Amino acid sequence: MRGRRAPRPGSTEVPAAARDADTLRARAASPVRGAQLAEDVGTPTGGGEERRGHQLPTAAPRLRESKPQGGSEDRGTADRDLQRGCQSRSPRTAPPVPGMGDRGAQHERAALQSPGAPEGAAAAVNGLLHNGFHPSAASSRDPPAPRFQLPSELQPQPLFAQHDSPAKKCRLRRRMDSGRKNRPPFPWFGMDIGGTLVKLVYFEPKDITAEEEQEEVENLKSIRKYLTSNTAYGKTGIRDVHLELKNLTMCGRKGNLHFIRFPTCAMHLFIQMGSEKNFSSLHTTLCATGGGAFKFEEDFRMIADLQLHKLDELDCLIQGLLYVDSVGFNGKPECYYFENPTNPELCQKKPYCLDNPYPMLLVNMGSGVSILAVYSKDNYKRVTGTSLGGGTFLGLCCLLTGCETFEEALDMAAKGDSTNVDKLVKDIYGGDYERFGLQGSAVASSFGNMMSKEKRESISKEDLARATLVTITNNIGSIARMCALNENIDRVVFVGNFLRINMVSMKLLAYAMDFWSKGQLKALFLEHEGYFGAVGALLELFKMTDTQ
């Protein structure tokens, strides 16, 4: 719009705004002039084209400069009336103004209050009526059309953008609903990306209402069906069905908690699957712990458009362990120990109540080993650790036996005899070393017999796998026992995926703790060995929602 020229000093020239207001009031005096006025401001009358040079953006400032002339008690400016028209969801109807074509105004209001009429247009016309304008008389044969259309920037905006897809609108509704109830939108995941294995927990809601199921977007249904209807994913992904926690209540929803694992070397396939299933349309952030949360952060962002909320793995380990133990294992205790571990014939698994767990020595046996002294839920310290862990066992077995998987290595170890590989106390002393209480069957030197060519030629791959397993397990047990004595803690809890389907190591650890402490130390184990970090990450997802 071209700027108005300011009046010269001393001039009697009437300001343009005043002339415009006088002209508009004069034209409003008759119904016929009202129609001409509508044409002047560039509004179609009965479907005619707008006149060039009188477009809406030019006329709107005039309307805002005019003073209210209607009979309403509200003396607000046209700006305020326009704002009401834009913002109010239930615009009030202006009362008829005497001498301003009430009949025409009734037609106008009737049209705008009819079903399907835009609310913003009705409010805008009401604003005009309040400021001394009336529309032209409408023909009774033709349906009346709105006389004034707001600029796009003043139009009332719908709750969701008009161009959004139904799936996106549904996702936004789910997020708003979740926000009101202080819980995150589905799906609910927690990840622990370790050096050897990725552990994933997924909460499957079982209390979905008919309305939720109807509004559920297709890719969310696809993810749930894919994860819960399969027990294997590709060549290496496994869902541990026997560990599933059923009828669990988490964050106010009832459902089942699933436990899934796959090798870390297959992480790129998982990220690609997340991209193909458009996971970022459901979530923008995943809660993840473990070293891989840092290593793969950029890949998640670039390939799957996902952000990783990185969490401390030891914090998640403790929080997840305490939570799973508190809910139990489908009506059974999560924790157990081995009774009579020094007697193979009488040794058997027994449940253990861990209601009062503090203090405890927590030995996390993954690719490597970390040992924590835990004094309360939020008070713990890392005492020590060792690089000789589950990764060492599998790596050496692959070198020595040619096996390729953890399961294959354990299967071979179960069939082997480590005494053919290790040098024992009796091989040196001819029997027990009684002065220090060393039995002749105790290992004096791991792999000590492999110095002999004859021994090397007589052993089997299974013997090598068993000796490797015994070596790693004895080393961990020895360090754990010393830490327990130094910290004056009599309960040692062993967790981690090194113990998965590894009954040989568990019984060896139970035997070592009991024998070398003369029954003072008890080795404890948990059913969900290596998944506690992932559970802790899932719990953090709920905490994030509470904080927000």
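Glycine residues also receive a Cβ, built from the backbone N, Cα and C atoms like all the rest.
Checking the ranges 42-59, 168-185 against Swiss-Prot, the motif 'Nucleolar localization signal' annotation falls on 168-185. Looking up the ranges 132-167, 420-455 in Swiss-Prot, the one annotated as region 'Disordered' turns out to be 132-167. Checking Swiss-Prot for motif 'Nucleolar localization signal' across the ranges 1-8, 97-104, 249-256 points to 1-8. Ser370 (acetyl-CoA binding site) and Glu313 (active site, proton acceptor) have their C-alpha atoms 11 Å apart, to the nearest angstrom.
The C-beta environment of Glu313 (active site, proton acceptor), restricted to residues of the same chain at least 6 apart in sequence and closer than 8 Å, consists of Asp192, Thr289, Gly290, Gly291, Gly533.
Cβ-based neighbour count (10 Å, all protein chains) for Arg382 (acetyl-CoA binding site) stands at 12.
Listed in sequence order, Gly194, Gly195, Thr196, Gly389, Gly390, Gly391 are the same-chain residues six or more apart from Ser367 (acetyl-CoA binding site) with CB atoms under 8 A from its CB. For Ser370 (acetyl-CoA binding site), the number of other Cβ atoms no farther than 10 Å from its own Cβ, over all displayed protein chains, is 19.
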